[in-house]
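Participant: Can you keep this structure in mind? I'll have questions shortly.
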């Protein structure tokens, strides 16, 4: 019997897989620029002929492995190579979802801005998208300084429909946001000089990344490096440059997405009176306990004449029957 218990314990230990991490990346831009085609190309590795219109938001998941150096992390420990899931949140750019898009702007690790190379207005509107995400979004491991519109997380600008723009004679569209993205990424030092984007000579230096999702043409290596950088920022903060470096970043403590406590619970936990006495001063609300029934329910106060002194019914009847005259015999009227 003891042998089978030890054998079962060993099998359970071997079956336990290392924890998988996850990062969340928003994909935003005007309606019709090809965000859904981009997400499908990144996740599936192939183009989609007729993508359907996005209703609210759709999520695509990309699996990646990240090989950590010998330095250990405060969040993930163990083997040097781990599995990670990149959540690509494709947010609809239609105006009908403008009032509810902020529901999807939570726990953001990075942003992908997409514009149409054949329509210059879609690139000009990226500044509006950056401001919308910055104002209404909630970010994980924000940067010390913000990008365009105050965006506090890393981002990349991608120009789609390069095939259509080439046929129409449209050059790589110019815009202030892409130039600001290039200067901001270089200033923050998010990537070493050897890894700066774009990685191909066919990409002009002031346009960002160019792709043609319909023809399944995009820089897979560049996007993979972006995702690895976001993973490193959230889970392996000790790999980032030291504060003494010119390209250093100051990081806020990252929060796991699988934590079950709400913001209200965290507030009560921080405001406990003593840390040592967890039983007496634990102010976390007990959500799993039912409220005890009241033995003597209190009657609600009367809204009318609650300040007037109350009389017994018998005295009122005697007064009404005697026409207001007292029945005491010792009083001479």
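Positions of Cβ are set from backbone N, Cα and C atoms, glycine also.
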Participant: Give the range, chosen from 242-265, 290-313, that Swiss-Prot lists as region 'Disordered'.
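Facilitator: Checked against Swiss-Prot: region 'Disordered' maps to 242-265.
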Participant: Let me know the DSSP-derived helix, strand or coil state of residue 91 (GTP binding site), please.
Facilitator: strand
